[in-house]
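Structure first, commentary second.
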Amino acid sequence: MFLFLCLIFTMTQFCCSEHAVSSGIPGKENVLQRYVFVSQSKSWSDAQTFCRQKHTDLVSVRNPDEKQLIQALVPQSTLVFIGLFKDFFRWSDNSRSSFRRWSVGEPDGSGACVVQNLSEINTWADQNCAETRPFICQDESKQLIKTSQ
């Protein structure tokens, strides 16, 4: 039994990494973000399904701070799927953000899904959605941050 539990713990540590960040103003409802790196390779649509079943969705990178958090989470030189896809490039969770960080020459029309490329100063490229890659999920939950007066 002990060996079984150790194996599950080891597999969990190998499979996923988690990072949580909270943003907000005291006394207001805020959103707690948790990012989960999944090292198992899947197509973009399978990754989206996985994230929606186990978390909230594929990650939406809305600003440079979120981009930096994700960069710290993923092993260097790794291409990972993010939630941006071509329908005039929109986020899979329907969030609104004009933040983009394309690599030079991208998007080049090679695919309808987007990967974050950590070997090129953390930039993005479009890619065929059927290719398999590791990916990043996000969890969102609302919380109320109280302050003592």
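For all residues, glycine too, the Cβ spot is worked out from N, Cα and C.
Taken straight from TrEMBL:
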type	residues	note
SIGNAL	1-17	signal peptide
DOMAIN	35-138	domain 'C-type lectin'
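Under DSSP, residues within the domain 'C-type lectin' (35-138) fall into helix, strand and coil as 21 helix, 36 strand, 47 coil. Averaged across the domain 'C-type lectin' (35-138), pLDDT in this predicted model comes to 88.
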